[in-house]
Amino acid sequence: MAERPARRAPPARALLLALAGALLAPRAARGMSLWDQRGTYEVARASLLSKDPGIPGQSIPAKDHPDVLTVQLQLESRDLILSLERNEGLIANGFTETHYLQDGTDVSLTRNHTDHCYYHGHVQGDAASVVSLSTCSGLRGLIMFENKTYSLEPMKNTTDSYKLVPAESMTNIQGLCGSQHNKSNLTMEDVSPGTSQMRARRHKRETLKMTKYVELVIVADNREFQRQGKDLEKVKQRLIEIANHVDKFYRPLNIRIVLVGVEVWNDIDKCSISQDPFTSLHEFLDWRKIKLLPRKSHDNAQLISGVYFQGTTIGMAPIMSMCTAEQSGGVVMDHSDSPLGAAVTLAHELGHNFGMNHDTLERGCSCRMAAEKGGCIMNPSTGFPFPMVFSSCSRKDLEASLEKGMGMCLFNLPEVKQAFGGRKCGNGYVEEGEECDCGEPEECTNRCCNATTCTLKPDAVCAHGQCCEDCQLKPPGTACRGSSNSCDLPEFCTGTAPHCPANVYLHDGHPCQGVDGYCYNGICQTHEQQCVTLWGPGAKPAPGICFERVNSAGDPYGNCGKDSKSAFAKCELRDAKCGKIQCQGGASRPVIGTNAVSIETNIPQQEGGRILCRGTHVYLGDDMPDPGLVLAGTKCAEGKICLNRRCQNISVFGVHKCAMQCHGRGVCNNRKNCHCEAHWAPPFCDKFGFGGSTDSGPIRQADNQGLTVGILVSILCLLAAGFVVYLKRKTLMRLLFTHKKTTMEKLRCVHPSRTPSGPHLGQAHHTPGKGLLMNRAPHFNTPKDRHSLKCQNMDISRPLDARAVPQLQSPQRVLLPLHQTPRAPSGPARPLPASPAVRQAQGIRKPSPPQKPLPADPLSRTSRLTSALVRTPGQQEPGHRPAPIRPAPKHQVPRPSHNAYIK
């Protein structure tokens, strides 16, 4: 990429001293130290105190930097005792320093860093005080105590004298905001979908309590290298000192800044850095994505530039872009001789990456530092004294961003084999050779760790981590981090480590869960969501013709961003939905601040009428890009999302290829590994297991293994038994049914039973018999089965003594109820009497035995009789036994007609 040489600012231009956001620069003579122009200051003599009170104070060491320092500052009015401890967590393992040779070859060095010289601490006697200093070249940094802020810097031509400049003496240099603006007091929590809010709140407290780690790379451009006297080591130390201050600012938010690399463009700029901050920002972000990310893994990158940006801007960063490949970064103008100035600006721009908006009066933010003492870091208008704390609004904005899914990369604990400056028990980091580290013995509250030796106490398995409870590891499958949105994946304890696995989320391009969109960097962006953000509840995207007509103009109100010449770019037809967002409905005016302008466009239709398109032009400050543009990752067509203001196919992410390896039983995560369903095992979800992935741990707890195995064994046994039954089915059928009586056969046989009463005689067995026989197997109705009945002839032709056996119901009444059967002229008039004595009176005359035995299945008999009604004359009807009611006559009881059996 061609280099754009930095333009030298005129000598009369002042250093801009305010934070990011539109800030006015006070004018000062170039070349004079700002510290010489700020009015009164105190001269302090510094000495290093020894633990032995009898040893006099020593000078601050220039090369040897102990782990712990106690420094005495002797002032004219009082003495201050500073307790300092080296910031061991500032530098991660694998930290690199990169510079370039004259031919452009990059040189990356990984040093042992025995010259660690960056400290955090407090003023003795004031627990609320804050100290952030470096001792690389004398004492330099900030001191906050008794609600006052001081800046400490070495004096020239001396080794033990320092300037202690109070904040009050710096109020004559004040930056003003070039535009009174604010994104709004409407946070993202207010406009996110209700279901997502409820799911996010369940994990809100857990997320906020967890420590977040920003793996940061700081780059100095060529102009910054020149401003620091072309001293490579001086530039590197300055960048690390800036990171040390920023880490101190963010600690109250439970965020740690971990420096993974510094880079100095000591030969030429690697991308175009000009006085246009917008162009410089996007050039740097493009270089980061294409060049820096492939060779150095990190979460965020910030450029410290020696170029004076035009206008009032001293920094710029995209809003809520942390962890994204395209926009996680910012540019900062080094506007002060002290590294503290650039550190505050970097903290401000990093806040925008976190989703923090400017603090304004209309938001009603609470700040514990008064404006005359610096105020808060996200103030849009500030200057000396530098702000060093965050407001309540910033905390709320951060919480809302985390709930929405921003910052998926922040929950990964950086690898620390040996902290910056060497291993030390008591620094709070578990380093190589340590089992635990809970800090110094006087501050350790961990009952599982021995603070003196950094070893576990007896019977303790672990001491730290979300998967450690009561000094023991939680069982595998225990949830340790829930999903925060529709594109996030939960994490579970593995049972082998005390820390929760690194955060993972759905692969870019994967459809959102329950939302019409695609996941991108762990967030589901949609046009509808952005319309609600701009216009409030009830807003929705406008028809496609609005995007096409408005964004083809290439002006401030309809465009696809800016081109390399900082001119508004027209949108191609295919990219129209990736330009300025077009909405309908919602509030009468944008809800995102007083500087938001409504742009309404009416498009006539051929059939009559007009389509109203509502866009916005929002000026949120020089340090924030236009929020009215469609966000990266938003769905612009089926199978496509917006990337770099272009509507591109999701296949560029490789999501389909990745999903194929999961066999339809899981989804692909951002590390291109399968996250399997609960009963399938990673890595490919093709075997039974406990779900999850190799990155996030098992979904189900392993203590269910015994139950699962038992169920599987039972199923296998049942299958084996069923197979044996199938093979021996004929033998079993003969054994079960050849010598057994069916239920209806038992009804026909004479067995003891309850004597039926008169009123129920005709229906006692009607309904049960019918239901039973309807389910009977058809083969029981064959003639062979009918002839095999053993008790039927005895029951009909030779009845037992009625006095010994209770009266049974007549089987034919089950099939042929009297109320449905027409009576024959000579048939019996009444049913059998209830008293057995009646049958004794007719014992002289016996009815003729039936010509055929009764069938085995009386219910099926009806259909058989129906088909057999056509008979030869004189053929006797089978199965109907006359029911005598009086002494039988001498003649045979007439047979009923054929119609008597028709139903």
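In case you wondered, yes, glycine gets a Cβ from its N, Cα and C as well.
Keep in mind it's a predicted model, so treat the numbers as computed, not measured.
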Legend entry - Cross-link partner of Cys323 (disulfide, per Swiss-Prot) out of Cys271, Cys376, Cys393, Cys409: Cys409
Legend entry - Residue among Cys376, Cys393 that, according to Swiss-Prot, closes a disulfide with Cys367: Cys376
Inset, instruction - Quick one: sort out which of 175-182, 183-190, 599-606, 759-766 is the motif 'Cysteine switch' according to Swiss-Prot. - result: 175-182
Inset, instruction - Return the single candidate from Cys658, Cys676 listed in Swiss-Prot as disulfide-linked to Cys668. - result: Cys658
Inset, instruction - Check each of the ranges 356-362, 839-845, 881-887 against Swiss-Prot and return the one annotated as motif 'SH3-binding'. - result: 881-887
Inset, instruction - Please work out, from what Swiss-Prot records, which of Cys462, Cys468, Cys500 forms the disulfide with Cys480. - result: Cys500
Legend entry - For the glycosylation sites Asn147, Asn157, Asn450, the one whose C-beta sees the most other C-beta atoms within 10 angstroms: Asn450
Inset, instruction - Under 8 Å Cβ to Cβ from Asn649 (N-linked glycosylation site), same chain, six or more residues apart: give me those in sequence order, or none if nothing qualifies. - result: Gly639, Lys640
Legend entry - Spatial neighbours of the domain 'EGF-like' (654-686) far in sequence, C-beta under 8 Å, 6+ residues away: 408, 489, 504-510, 522, 692-696, 699-700
Inset, instruction - Using DSSP reduced to three states, classify Asn157 (N-linked glycosylation site) as helix, strand or coil. - result: coil
Legend entry - Residues in the domain 'EGF-like' (654-686) grouped by DSSP into helix, strand and remaining coil: 6 helix, 9 strand, 18 coil
